[in-house]
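Record features (Swiss-Prot):
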type	residues	note
ACT_SITE	Glu355	active site, proton donor
ACT_SITE	His386	active site
ACT_SITE	Lys514	active site
Amino acid sequence: MKNINPTQTQAWQALEAHFAANKETRLKDLFAQDPKRFDKFSLTFGGDILVDYSKNLITEETLKLLVDLAKETDLRSAIDAMFNGEKINMTEGRSVLHVALRNRSDRPIECDGKDVMPEVNAVLAKMKGFCEKIISGEWKGYTGKAIQHVVNIGIGGSDLGPVMITEALRPYKNHLQMHFVSNVDGTHIAETLKEIDAETTLFLVASKTFTTQETMTNALTARDWFIKIAGDKAHVAKHFAALSTNGKAVAEFGIDTDNMFEFWDWVGGRYSSWSAIGMPIALSVGFDNFEALLQGAFEMDMHFATASYEQNVPVLLALIGLWYNNFHGAESEAILPYDQYMHRFPAYFQQGNMESNGKYVDRNGNPVDHQTGPIIWGEPGTNGQHAFYQLIHQGTKLIPCDFLAPAISHNPIGDHHPKLLANFFAQTEALAFGKSKEQVEAEFLAAGKTLEQVEDLVPFKVFEGNRPTNSILFKSLTPKTLGALIAMYEHKIFVQGAIWNIFSFDQWGVELGKQLANKILPELNTAEAVTSHDCSTNGLINTWKAWKA
């Protein structure tokens, strides 16, 4: 990867001039000028995902300049470097090869001169065998009963991805009851233990190092609870499995290392659902559906690696997002899935994007002179319409939005889905074109009101419009489609980080708080007043000590 400051490129300067010259661009005018705008500014991927980006504040010239920026910052070399296993996570000296985890071809993928695919496929085969035993009931617990409950204990990438995907694929779910524990708050594990019984529960402890504080605290609590009921530590081996690389620690915990499923240091946490960390997904929906998830991601990988920038879905989404972030001054993006099964999708990419691109130091080690990662947030529709859409429609902040929806529902009850999609289609139209003062007045007149009666109310019912959106419509939410959608957003994040000249695959920002927490924890176990911090932190700790005494 070349370390190029994007603001110093000719394309960036051209984009600044282009923005200044087109600040008054109106979507209403762009559509009026070009009846074929939808055809020009939409793409279909794989025949079952439509990406309509026509309701954006862009012209063909805008896209040309954005593509020029990608070329001038040498995006191609960054893409090739990732797929070729180069150590593009330079601050940790690691390759970034989540694409290898879903490589469904015979193509070798090398890391440090070694093809990683034999090991990847061996772990997948081991996962498949384990899943089949658990799902079929062949695997028995310590009393001879089959497993009915699976509790995944992890945090961050070891939790958010499996939770989001198992929720999204609930229509494909088997009889196993899935539970997820992540928070070190004892309430999370306590409430989960109330829902299960020891005889029929399998615990998955998901920690690469088997030292993650939150995960191991919860795992030890679960183990102690289990042993107290089972009466014999030896029974742990039948009820606990590890998703880890630390065989010594796994064995010391009491887990049979035959039931340890490894992954590698080139797998980043927020990109790990494709690895052994995806075990709860495979257990929930079956291994065939897990493989379909991988297949969808693989097909998006191949599209991303080979399509021209002008026809490349992740690249176009990244460039359009960059246009708003760096030239329009937008500080956030909303992800709005009109599918209840996808209710954790925004939270998943909140981590995926903000942990990847929330950086203020460039790849040369210097402070950046431009904006980097946006704030990502969102909720499912139509709930969000009754919560925060007011600000998107009539607030003072520009918030580009991605709307996602399936054409076909897994639950075609009455007219629920047509009503849902009517709102999906209506929102992007309303955001783009708004409602003028003249339209508002005409509505009042049609309702029998005089303008004198309503003139004070008219300004409040005007919608400026010109609020940009992408519409991502897919035929149905299948494992394969979900895999493609996840990979699409992953690559969007990568493209933006590459152009911004930052490292997207480390996360040093999570470390300082953990270090200070490790320093503070022993102080909480003494009765003495604390004086070792600033006056605010001292005051908070000492108040806590007084209140808990």
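Backbone N, Cα and C define each Cβ position, glycine as well.
Spatially close to Lys514 (active site) yet at least six residues away along the chain are Gln213, judged by Cβ distances under 8 angstroms.
Rounded to a whole value, the Cα-Cα separation of Glu355 (active site, proton donor) and His386 (active site) is 29 Å. For Glu355 (active site, proton donor), the count of additional Cβ atoms within 10 Å of its Cβ stands at 22 [all protein chains shown].
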